[in-house]
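Asker: TrEMBL feature annotations, pasted as is:
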- LYS61: active site, proton donor (ACT_SITE)
- ASP10, LYS32, 59-68, THR115, ARG175, GLN184, 204-205: substrate binding site (BINDING)
- 4-220: domain 'Orotidine 5'-phosphate decarboxylase' (DOMAIN)
Amino acid sequence: MSNPIFLALDVPRLDDAVALAEKVKQHVGGIKLGLEFFNAHGAHGVHMISQLGMPIFLDLKLHDIPNTVAGAMQAIHVLEPAIVTIHASGGRAMMEDAKAAAGENTKVVAVTMLTSLDERDLKSMGVGGTPHDHVMRLADLAHTSGLDGVVCSGHEIKAVHDQWKDGFFVVPGLRPEGSNTGDQKRVVTPRQARDHGASVLVIGRPISRAEDPAQAARAIEATL
Ligand SMILES: O=C(O)c1cc(=O)[nH]c(=O)n1[C@@H]1O[C@H](COP(=O)(O)O)[C@@H](O)[C@H]1O
């Protein structure tokens, strides 16, 4: 079975990002490049990381009107990402148009509810119900909009997987037992997420901020 860990390369300097990716390469299945990396280094940065020969997950969290998101999807064909994120709250038309505009080898997955949010945050945004309800509703919308899968926390992955058997599921907000959760609120261990149906495990700081990132990645890999 291939390694489901994608390292979130949320580091500001390109040379540090390349060095970190080189260090952990043997212990992860791919690299996730997100807003911090893409806004700082753009297409050039993506090409640099692509040279390591690993699948690239471009976490752009697109959320705009359908025409604009479709145009953004077209613009990244050249980068050949394996996975791209959009926001499910952009709605059905946005998701349908995003999928139609994506490259044929790119999985388009929708962020349901960020792992940094909890029920109080939902309430403060005027959204009723529990995180579970909210995630299930948006996962169903993403499914019927023709997407490949969703991003959700480890708290919901089992229910989402039960409802969408052949979906592709990305789970961030992962922490090995006893490690610092930081800004994440809906957290599980990498092993729990894997056991409950995650296709991809996104892990950033527990590896990137470790004293020995390769050892940290190896230790997490060993728990799977
Ligand atoms: O789309 C994502 O990858 C994402 C969605 C989400 O709900 N929560 C979340 O943390 N992420 C990303 O996953 C990574 C988590 O990083 P760490 O908390 O450092 O492991 C970051 O790059 C986030 O941008």
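Don't overthink the numbers, they just go from 1 along the chain as shown.
Just so you know, glycine gets a Cβ as well, placed from its N, Cα and C.
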Asker: For PRO66 (substrate binding site), what is the secondary structure by DSSP, using just helix, strand and coil?
Answerer: helix
Asker: Reduce the DSSP letter at THR115 (substrate binding site) to three states and note it down.
Answerer: coil
Asker: Check each residue in the chain of THR115 (substrate binding site) that is at least six apart in sequence and keep those whose C-beta is under 8 Å from its C-beta; list them in sequence order.
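Answerer: For THR115 (substrate binding site), the qualifying residues are SER153, PRO172, GLY173, GLN184, LYS185, ARG186, VAL187.
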Asker: List the residues of the same chain that sit at least 6 positions away from ASP10 (substrate binding site) in sequence and have their Cβ under 8 Å from its Cβ, in sequence order, or write 'none'.
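Answerer: Listed in sequence order, they are GLY34, GLU36, PHE37, GLY204, ARG205, SER208.
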Asker: In sequence order, which residues at least six apart in the same chain have a CB under 8 Å from the CB of LYS61 (active site, proton donor)?
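Answerer: Looking at Cβ-Cβ distances below 8 Å from LYS61 (active site, proton donor), excluding near sequence neighbours, one finds GLY34, LEU35, THR85, ILE86, HIS87, VAL111.
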